[in-house]
Amino acid sequence: MGSIDTVGMGQRAIDQIISELSLNEKVALLSGVDAWHTFAIPRLGIPSIRTTDGPNGARGTRYFNGVPSACLPCGTALGATFDRDLIFSLGQLLAAECRAKGAHVLLGPTINIQRGPLGGRGFESFSEDPVLSGLAAASYCSGVQDGGVVPTLKHLVCNDQEHERVAVSALVTPRALREIYLLPFQLAIQGARPGAVMTSYNKVNGLHASENPGLIRDILRGEWGYEGAVISDWFGTYSVADAVNAGLDLEMPGPTRFRGPALMHALTSNKVSEKTLNERVRKVLELVQLASRAGVPEYAPERKLNRPEDRALLRRAAGESVVLLKNDKNDSTNSPILPLDREKTTLVIGPNADLAAYCGGGSASLLAYYTVTPRQGIADKCGAEQVVFSQGCYGHKELPLLGEHLRTIETGQPGYTFRVYTEPPPASGSFKGSDSRTPVDELHMTNSSAFLMDYSHPQISGDTYYATLEGTFEPPESGVYEFGLTVAGTGLLYIDGVLVVDNKTVQRAGTSFFGIGTVEERGERYLEAGKKHHVFVEFGTAPTSNLQHHHGVVSFGPGGLRLGGCRKLDTDTAIQQAVQSAAQADQVVVCVGLSGDWESEGFDRPHMDLPPGTDELVNAVLAVQPNAVIVVQSGTPVTMPWADKAKALLQAWYGGNEAGNGIADVLFGDVNPSAKLPLTFPRELAQNPSYLSYRSERGRVLYSEDIYVGYRYYDTTGQPPLFRFGHGLSYSTFHLRDLTVRETAPYAANIKESSLRVSVTVSNTSARPGAEVVLVYVRPPAAACSVGRPVRELKGYEKVMLQPGETREVSITIPLGLATSFWDEGCDAWLSEKGLYFVEAVGTGEGNTLVAPLTVQVSRVWNGL
C-alpha cells in the first residue's frame, strides 16, 4: 500500500491529503472501482482497499469459482451460544481469513432483527432480542478488529425481510425503531466502535436508508457520535445529492451509478457543497487508514488457511451452538435418552443426515474448505461399521448440485469444463459438434452453481455473453435420474445429446440468484450404472432472459446458472424402509431440516413447514421407535407437529465447516450442551406477532407488532409458544441462589453514571462438567408506567463453566439506562421512570428463576450511547 497506510497517521495528514486532491479525485474516492475494491489515488499514496462478504466467513473477491474459506456457524447459531468470549475468538479467526483473502474490510456482522420466522436472511442475525444482538455484535467486531481488519455493522436499518427489499418502506414507530431495531447498532457501536456501517436496501418510513438524514446524520453521527464510514449495500444507492448530503460516504459496488459525472453535476449546481464533499472524502480516507492495520498489500492474491487450530475452534463453536430442546427418559432404562452409547449400532435416517447444511444462501454463502455431514460426524466418532443409513425422504428444494459428481471429458478429473464465448451458439446447438466459436476462457470447475456477478475477462466488456458446461456423469446405480437447471439468463441441458431441460423457450420467474432468476426446471432420464453419460449445458447470461422485470429486487449483472441432479426417489417406499430399519435398531438419529436452498438472501420462506415428506417420516419413525433422537437443522424456526411425541430433540442450525462433528459431539456426550434459543419457536406461523403484516403490500410493510417482537409478545399476551426464547437443556443440572441487585449512583443527574450490579450464586449439582447461562431480565413497574411495556426484557447475560459440585458467584453489570428505560416519543429521548422494578435471574430448567426488587428513585431522560 502507499504512504497513507502508516499506522497512526494523524488528522493533519488527512487534512493535507484532502487539500491536494483534485475535485475529480475526491469524487472518485466516494465509489468503488469494481465489485469489491475502492478507488486508489497513486500519486498521493492512497491505495485501494478490498472488501469481502461476511458475515460467517471471508469469501474473497469471487462468487464465481472462488477460493475456499472457513465457514463459521450461522448468526443464530452464534447467538445461541450466549458466549461473548467464543464469538470474540471467532472474530479473530475471521480477521485471519480476511487477510488470507487480501481483504481489509469484512462485510459483517448482520444485526437485523427477526421480527418473524420467515425472513430469508434471518439465519444471518444473532437474535430476536436487541440486547443479545448488540452485545454479540460488539464481541464479533472486537475480535475482527483485534486482527487488524475493519468489521461492518449491517444493515442500518429494518432490513428484516427480502420481499421487494429495495422498494419496500418499513413503517415503524419511533419507539419500536429505537427499542428494537436500532438498539443492536447502538450497543455494538458503544461496545466496539466498528470502522464501518452499511445501510440497508429498504426505505424506513418512506425514505431509503442510504439517503436518510434522520438515520445517518442525526442518530448515527449526531446522537451516537459515530466516527466511522457509512457505506451502501451493493447497488443500494438510489440518489446523488440526497445520499451524499445525508452522510453516505461510499457507494458500492463500482463502477458508480450515482457518483462520478452525476456528482460533479450536483457540485456545480450547488446540490452538494464542497464542504459536504470533503466530509465524505475524509471518512473514506479514515477508513483506508484504519484498514491499513491489516498489513495486507493492494490487490493481494487470495489463499487458503485451513489451520488445525481453526478447525478445532470451528468444531467447538458448532458443538456449543447446538440447543438441547428435549431429553426425556428412555422408558426401558429410566435414564435420559441422551447422550447416546457409541458402542451400540446407530441408525441414521433423514434428508439432512447425508447433507452438509453448513450455511444459508445468498451473500453469506461461500465455498467451504471442507464440510462434515451428520452421518459422517457420527461415523467418524463411532466407527463406520457401527453406523447404518436410511434416506427416508429427500429435503432439497432444488436438486443437489451435480458438479462434484461429474468428470471432465479430457482428463477424467472431478468436475466439468466451463467455456465462455462472446458469440451466441449456432442454431443447430453447440453440443452437436457444429460449433465454430472460439472460447475466450476455459475453466475447470467443481461447483455447478455459478453466479457470475464478479466474473471478468479482458475480452468481455458487457453483461451479455455465453457459456457451456460439459462433463460426464457415471451413476452409481441404474435408474431414473432427475436433473434440474436454474438460470438467471437462459439455459438448455442435454444428456447424451437429448434435450432434457429447456429453460429458455418458456421461462418461469423464481427466487434464485437474489430474486432475478427462474424456478428450477426439471427433466428425467434413465441412466445406466457404470456408463459415462455426456452432460452438456448451453447458457446465455441475464440479458438473454425472457423473464419480465423483477420489481423490488437487486439486479446483479450477468446472472448465473445452477445444475443439479440425483436419483429419483419414491418417498413412500423410502419412508417405509426407514421405519422397518428403525423398529429393529439399537438407537436412532433422525436428521431433518432446511438448507441454503430454503433460507437465503433474495427471498423469504412462504411458510414455516419442513420440506415435503419430512413430517411424515418423523411421525412414522417415532411410532415404532419413540426413543429416536430428532435433529433439526435450520437458521430460523420451523413447525414441528411431532414435537410433543419426540422424547429427544436438538436444534442444530447451520453449523459451518464442522456442523456434522458438532452434532455428533453433543449426541454422544463429548460436548455437554449449553446453548439457549436466541429466537422464540412458535407452534405455527399464525401464532407469531408479525403474521398479519410481514410481506410488502403496495410497497410498504407495517410493523404492526410494534415493540412486542418475539418473546416480548408471547410473555405479554401469555401465549405459550412451542419453545421459548432462552430455552435450552444440559446434561448437567444447576442451582441458582442468593440473587443480589446493587445500584451505583442512584441519584446521579446523569443516568450514564448509574449502573446495576447483579450477582447470583450458581452451583453445578451434577456429576458432569457443564456451562450454565444466566439470563438477567428486568420487569418494569406494574402500575406506575406511563406507557405499555413488555412483561420483561433481557438486559444482560453471562456464561460460566462449572466442574461437578463447583459453586461460583456470577456478576453482571448493566447500565441503569439500558436496564430501565423506554423510548419516550413525546420528548424524543430515553426515559427511565422512577418506581419499583424487578430483576430476574434465570437459569437452566423449570423453576430455576430468582427475583429481586429494584427501586429507581428518580425519573431521568437521556440520549446518546
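The backbone N, Cα and C atoms fix where each Cβ goes, and this holds for glycine too.
Here is what Swiss-Prot says about this protein:
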type: ACT_SITE; residues: Asp233; note: active site
type: DOMAIN; residues: 411-579; note: domain 'PA14'
type: CARBOHYD; residues: Asn330; note: N-linked glycosylation site
type: CARBOHYD; residues: Asn447; note: N-linked glycosylation site
type: CARBOHYD; residues: Asn503; note: N-linked glycosylation site
type: CARBOHYD; residues: Asn764; note: N-linked glycosylation site
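Swiss-Prot feature annotations superimposed on the structure.
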residue : record                      : CB count, 10 Å
Asp233  : active site                 : 24
Asn330  : N-linked glycosylation site : 15
Asn447  : N-linked glycosylation site : 19
Asn503  : N-linked glycosylation site : 28
Asn764  : N-linked glycosylation site : 24
### Message
Looking at the domain 'PA14' (411-579) alone, can you tell me the average pLDDT?
### Response
92
### Query
Looking at the recorded positions Asp233, Asn330, Asn764, which has the shortest Cα distance to Asn447 (N-linked glycosylation site)?
Asp233
### Task
Going by Cα-Cα distance, pick out whichever of the recorded positions Asp233, Asn330, Asn503 is nearest to Asn764 (N-linked glycosylation site).
Asn330
### Summary
Rounded to a whole number of Å, the separation of the Cα atoms of the residue listed as 'active site' and Asn503 (N-linked glycosylation site) comes to 31
### Message
According to DSSP, collapsed to three classes, what secondary structure does Asn503 (N-linked glycosylation site) have?
### Response
strand
### Message
Using the alpha carbons only, what distance in Å do you get between Asn330 (N-linked glycosylation site) and Asn503 (N-linked glycosylation site) once rounded?
### Response
52
